[in-house]
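So the structure is just underneath, and the comments pick up after that.
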Amino acid sequence: MTDKGDGKSWYGIWCLSVWEASSAAGEQRPDTHSEGEKYGAPRAYDPHFRGPVVNRSCTDVLCCVIFILFIMAYILLGLAAWVNGDPRRVAYPTDSQGYFCGQKGTPNENKSILFYFNLLTCTSPSVVVNLQCPTTQICVSKCPERFLTYMEIQFKYKNDSKYWTYYSQFCRTTFLKPVETLSQVLLDNDCPSAIYPSKPFLQRCFPDFSTKNGTLTVGNKTVFDDGSGKTRNAAELRRAANGINKALDARAIGVKVFEDYATTWYWILIGLTIAMLLSWMFVMLLRFTAGLLFWIFTFGVIGIIAYGIWRCYLEYSRLQEHPGSQLNVYTIGIQTDISMYFRLKQTWFALMVILCLLELFIILMLIFLRDRIRISIALLKEGSKAIGYIPSTLIYPALTFFFLSVCISYWAVVALYLATSGAPIYKVIAPQGRCEHENKTCDPVGFNSTEIAKACPGAQCHFAFYGGKSLYHQYITTFQLLNLFVFLWLINFVIALGQCALAGAFASYYWALKKPDDIPPYPLFTAFGRAIRYHTGSLAFGSLILAIIQMFRLILEYMDKRLQKAQSNISKFLKCCLRCCFWCLEKAVKFLNRNAYVMMAIYGKNFCKSARDAFNLLMRNILKIAVMDRVTDFVLILGKILVAGCIGVLAFLLFTKRLPVIIEGPTSLNYYWVPLLTVIVGSYIIAHGFFSVYAMCIETIFICFLEDLERNDGSAERPYYMSQSLMKIMNKRNVETKKQ
């Protein structure tokens, strides 16, 4: 019950309306009591109830059929994308003719690097990487290593033909000798006007930039001839390939990071293993330490606030005796320097009053809610016991992780194949962007003899992207949206399945009268089977609602990014309101769905009835929920921080060689923070996996506890199923206990 939102009442009313509609068709509603008229009456006593219902029927069959049809369509979409797509288009760079560089079985098999004729025409690195630079691109076996121009080659060829042999490998067509004039070469795009020292990166030739005495150079030169008679400097080439050096630096950093991982991988595994053991120990020990941790934290907060009050009083007294103590906020006005306000006694007096009110509020809440806090702490301890009796639940997050990995991998592969579906599409590209035929489709074969080439001197026909005119290619965008939507649906279904299975297992624990003797064998496996067999449709229904909301949020974020520059203040305000509403709605749906899955795991009803019952039950006990949420949130956050913090401190001491006496850590690390952050983040994720099971356990036991209070009275026919500690807090007893 850690995810909450302002819209939970709206969602519950919606499910309630669905139930009312179904009841109007012939179902009979139970009678409501005075308080229950608004939130439903407590559940009627069932003498045959002994835990999660065994004899069930399939729920929300229509949604189950729709879900299966969507999965089948998703599989067919993946097959169609696999047939039409080609991921080699991402793995290999593509030249101006649409041919892959380095692909086996092609003339470019030994030419795996892409070379740009005139990199100066590229205005940004994104244009370069996306193959939209308005210059001819060919596949070469290696990058240029020296400065040479075509005119320079024409003179040197007369003395030594080796110069032309070297230069001709960067030409699009093969010539025996450089007999064409420079203007003809540039017009036909047969050869570059000049080549510069370059290095391959991302299978593309980029200038070999370096810094010499603080001056940017290319191949140890600051200025060079561009082959057309103009003198250029390294800064111009740098602007044309802006950001490429950063990428080269990133490559060097990446190599060092890889070296650090290769050196410390076993230490990282040891750290993550220790994090797993610490998380397990923390969950197991909560039955003894939950109350202690909560009260230490609570009194610590009270002490900190008391210190703040005392500090504010001292500052107020000191400023009271100061000569300038008569100054106030109205005297100094609005100041950009916030420290000015802390020189006023009014500021410290206001802070002291606020802290006093906060201190008083916390103390009063502790006094009036002390019994509910004791119940919450007892439930935390009971959750730790439940996990101790059903330890297999701690392994379930690994199964969820596996299912999520399959869904994410399938979505990524389908998206990749969809993005690379189709035949090469060529577009007209003009160097200066002043052509009426710009971005029109064209045919690279014989383009120079077409009317477009005559109308737009210097225009070129280059490969742009992959596409087609068939029905399949026209709906690629729709297929991508379908891929994303079904992915969200499957992700939420996997999470819902885990919550329902865990809820069924922990409900079996709670409704066992004699624990652990009455706990059925293999409770987690049984609950998982029931969820799959009977409630696939209901889980798909709840997941569908959540997927639709998340899809709307993603579309809203996408539109915000695309229309960011064309937004007015009113549209920005409406956008913020929509984002806030959808965020609250998603949190509310997650909260109610999780509780609906608990009721579904216990009683086996459909999604709307389970959501209605869960909503009514929670609304009848709203104060208990608020206290339980706060206590649970605190314990879970403290546990995650404690596990990640302990492992982080040990990893820091190890990777910075602060423990040479105890243990010898890895030596010669380039960046010690790389394995350190990996261990800390990995430990937090592991702790989150353990505590997510614990949170679901607490939520299930809490729902069962509320149901137990409403359906039973402690008599021999209707005994309480809660633990002895909870009975003591609630001042409840069973008849057998009274006789003893």
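Cβ from N, Cα, C; glycine included.
According to TrEMBL:
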- 59-83: transmembrane segment (TRANSMEM)
- 265-286: transmembrane segment (TRANSMEM)
- 292-310: transmembrane segment (TRANSMEM)
- 348-369: transmembrane segment (TRANSMEM)
- 394-419: transmembrane segment (TRANSMEM)
- 481-512: transmembrane segment (TRANSMEM)
- 532-556: transmembrane segment (TRANSMEM)
- 634-656: transmembrane segment (TRANSMEM)
- 676-706: transmembrane segment (TRANSMEM)
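When Cβ-Cβ distances below 8 Å are used as the criterion, the transmembrane segment (265-286) is approached by residues 380-381, 383-384, 387-388, 394, 635, 639, 642-644, 646-647, 650-651, 654-655, 665-666, 675, 678-679, 682-683, 686-687, 689-691, 693-694 of the same chain, each at least six residues removed from its ends. Panel annotation: around the transmembrane segment (634-656), residues 2, 264, 267, 271, 274-275, 278-279, 282-283, 286, 290, 293-294, 297, 380, 663, 665-666, 669, 672, 675-676, 679-680, 683-684, 686-688, 691, 694-695 of the same chain, lying at least six beyond its termini, place a Cβ under 8 Å from a Cβ of the stretch. In summary, the transmembrane segment (481-512) lies against the transmembrane segment (59-83): three or more C-beta pairs, each 6 or more positions apart in sequence, are under 8 Å. Only sequence-distant pairs (6 or more apart) were considered; of these, fewer than three Cβ pairs between the transmembrane segment (292-310) and the transmembrane segment (59-83) are under 8 A, so the stretches are not in contact. Panel annotation: around the transmembrane segment (676-706), residues 1-2, 261, 267-268, 271-272, 275-276, 278-280, 282-283, 286, 379-380, 382-384, 386-387, 393-394, 396-398, 401, 499, 502-503, 506-507, 509-511, 594-595, 598-599, 601-602, 614, 617-618, 620-621, 624, 628, 632, 636, 639-640, 643-644, 647-648, 651-652, 655, 721-722, 726 of the same chain, lying at least six beyond its termini, place a Cβ under 8 Å from a Cβ of the stretch.
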